[in-house]
């Protein structure tokens, strides 16, 4: 037998270590002292030492129901948590929630038939999976799926599943995630319990769709698993412990920092949806000449962060709740005097995920982590009845929770957030009996808000521009004006940058200095989300853009980029931009820039404007499109790319319908055929949308 020399041994050891690393995914040596030190900093990649085997995880923790979620903005995750909570409290199920990207799926063919898997799946954009569901979706949509044991045509026969989808009917591929996943599962032999539910954000019925779906689902699941319903009594998921031995000044206490590296003042990348970059705002200005409204132009400096973007991407701004609403919440829940008391929060179950790091304070948790300004849900109202201070309040809340029409009349129509609702229903009397843990469970984790980037990465690779109208609207019959959480936060930053020593837009009182003054110097937490909303790779292709109001944001970037390409000597095709606003004198955004870029592009650029309130009749971009129908059709026949950005419910829907009409009339084809042509354009990315509800 040949002797092994030292080099041979070294090579073998390295190969062995690599093999162990591959098959164990680092299980044996990956020890993590602080769950927030890397899990937030590095995204939701496999957390050190954590098994990706969901069946193993369920067996170890004694669970018989897992609720997976594919979530982009946090709503699907919230619904998953609510299903898990309800399954436990009403039916005695041993439940857990699970992020889709944290587990493997090759072993679902071994899923025990006495357990159930629930899937709450949001559809993102044009029928795409959410970021955390990409690998899951690619696995099940692949042509050749390989499972761990069974190789027959229906390997998932032991899997019992429940499915609910979150979608927007203004998009062509409405709820495609839940529809496709259900189709794949059924084809593989899985047994669906009840119908696959579908919530519609476009119609504004998401919450009621969810509530209407889950009751018959629970009935079907009870029959399938022989469950017995019991009276739902609140059982906390989290333990909240006050820590008098700690002070809010202690450097181990989180005061709003998202993870340990931020707490220690050593923020480092990669920066993403779990780890923001604290970026300086290099420039900000007002775009409207209208004292009753604000529209912000902000340039955010990302140089040195390794954050990169390409034209058409989105920037995520991490908001802070307004001090006015934080104080309201603390007051009505009887925590005002304890706002700076340090608390520890931990899950009472090994699978419970605490949504923010602790120890922290009541104030910090509410200000930086809890979505206290969102409209209160009917399901949460139902949960609050047991904590009412009087029988009269309990009766009223019970009625609201059980009657959707009554709830809409009294609560939803007034756009109450949780603290406003509690104030209103109790006439300002504090709700002392509600456990703080219930608020942590029932309120979403505050989510970043996404804005279409209005700068070109070719022209401005290190500065990202945001164009945002500041949200403020009155609700008929409501005792308050609804203020956008993030846009008013940005307005406060803009005021500070322009010399206001105490910026306080609309009396909202934002803590713009951030935790421990870490945002001093006009900083904002951000990350970048990549988008499929892109210019054609060939700049000679003609483009048609429709962007009224702040829907023009990505088209500012598009035109800026094409103007630079023209200056660089490239052949740039026809560039048409349809822009609409109220009045030329008030809200004609970027008027001088369009002139400059028009000079750079020459005859290949044209800005077509619709000022809806400047004439005797209201004129919108849709009217201008009709006027240019012949040219639009000719450009489309030359394979022009067509883009729409803005309101999904009305403008984008009408533009889509109008495109079918234009093609039908100008090409002499039936309307049904024209609609098929438009669908084909969408499928080939010739027709792209960046829209919102």
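Backbone N, Cα and C define each Cβ position, glycine as well.
Pulled from TrEMBL, these are the features on record:
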TRANSMEM  6-24  transmembrane segment
DOMAIN    65-218  domain 'Flavodoxin-like'
BINDING   71-76, 122-125, 166-175, 201  FMN binding site
DOMAIN    274-536  domain 'FAD-binding FR-type'
BINDING   293, 550, 612, 613, 618, 619, 620, 621, 622, 654  NADP(+) binding site
BINDING   449, 450, 451, 452, 467, 468, 469, 484, 485, 486, 487, 692  FAD binding site
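Nearest by CA distance to residue 612 (NADP(+) binding site), out of the binding-site residues 74, 451, 469, 485, is 469. Residues 449, 450, 451, 452, 467, 468, 469, 484, 485, 486, 487, 692, recorded as binding FAD, reach a greatest CA to CA spacing of 17 Å. Considering only the binding-site residues 451, 467, 469, 622, the residue whose Cα is spatially closest to the Cα of residue 125 (FMN binding site) is 451. Relative to residue 293 (NADP(+) binding site), the binding-site residues with Cα atoms inside 10 Å are 469, the candidates having been 71, 168, 174, 449, 469. Residue with the densest Cβ environment among the binding-site residues 171, 174, 451, 620: 451, by other Cβ atoms within 10 Å.
Annotation for residue 168 (FMN binding site): spatial neighbours 123, 174, 200, 201, 202, 648, 693, criterion Cβ-Cβ under 8 Å with sequence separation of six or more. Cα distances from residue 620 (NADP(+) binding site) to the binding-site residues 449, 469, 485 are smallest for 469. Using CA atoms as reference points, the binding-site residues 467, 487, 618, 622 were checked against residue 171 (FMN binding site), and the closest is 622.
Every protein chain shown contributes to the tally, and the Cβ of residue 449 (FAD binding site) ends up with 19 other Cβ atoms within 10 Å.
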